[in-house]
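Only one structure is covered here, and it is reproduced in the block below.
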Amino acid sequence: MIGKLSGKVDSQGDDYVIIDVNGVGYLVYASGKTLGTLAEGEFYKLFIETHVREEHIHLYGFLTLEEKIFFNLLQSVNGIGTRMALFILSSLTPSDIQIAVNNEDKNIFKAISGVGAKLAERIVLELKGKVAKISSGSAIIKESLNIKNITPVASNEVIKALVNLGFSRFEAQNAVQGIITQNPEISIDELIKTALKNRNSNFS
C-alpha cells in the first residue's frame with residue numbers, strides 16, 4: 001500500500017496528475033483545488049489513499065492530511081463515492097465542510113453541481129457527529145495542530161498512515177500512544193516522524 005509520494009509533476013489531466021518518482025510515473029487522482037495548486041516540473045509531497053479493487057488500483061492524492069481525512073469522511077456518507085468526494089473537495093475546503101456541518105448549512109452542499117437536497121441533508125446528518133466542533137470561521141486541522149485537539153478520525157488516520165509505512169496496526173497503536181504520553185503537545189507531522197525514527201532505531 002502506498003501512503004505517500006514525493007516527486008515532480010510530469011503532467012496533468014482533468015482529474016489526475018502524473019507524479020514522477022525516480023523515473024516511475026504514478027497516476028494520482030486529486031481534487032480540482034489540489035490540481036490547481038500543482039505546477040508542472042515542480043516537486044511535491046502528496047498524502048496517498050490507495051484503493052485496491054480486483055480490476056484496478058487507484059491512487060488518490062492530497063497536499064494536506066486534513067484533505068485526505070475529509071475525503072474518507074465524505075465517503076462514509078451514503079451515496080458518496082470517490083468521484084463525488086473529490087468533486088466536493090474541489091468546491092469546498094475541509095474547513096468549509098466542517099463549518100457547514102456544524103452549522104447544519106445544507107445550502108453550502110446544495111450549491112455544488114450534482115449534490116441534491118437529499119444528499120446535502122445526509123452529509124449534514126451523517127457527518128454531524130464525526131467532525132470536531134469549532135468556532136465559526138476558525139480553521140480546523142492546522143499544519144501545527146496539537147494532538148490534544150485531534151478528532152478520533154484524525155488519530156485513526158495517523159495510525160493508518162503508519163500502517164501504510166510498514167507498521168503492523170498493533171505497532172502503530174502502541175507507537176502513537178507511547179509518543180503522545182511523553183509529549184501531549186506533539187504535532188501530527190512530528191508524531192509520524194518520531195514513530196518512524198523510533199522504529200528505525202529499534203531495528204538498527
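Placement of Cβ uses the backbone N, Cα and C atoms for every residue, glycine included.
Taken from Swiss-Prot as is:
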REGION    1-63  region 'Domain I'
REGION    64-142  region 'Domain II'
REGION    143-149  region 'Flexible linker'
REGION    150-204  region 'Domain III'
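Across the region 'Domain III' (150-204), the model assigns an average pLDDT of 74. Per DSSP, the region 'Domain III' (150-204) is made up of 43 helix, 1 strand, 11 coil. According to DSSP, the secondary structure content of the region 'Domain II' (64-142) in residues is 46 helix, 0 strand, 33 coil. Assigned with DSSP, the residues of the region 'Domain I' (1-63) fall into helix, strand and coil as follows: 6 helix, 37 strand, 20 coil.
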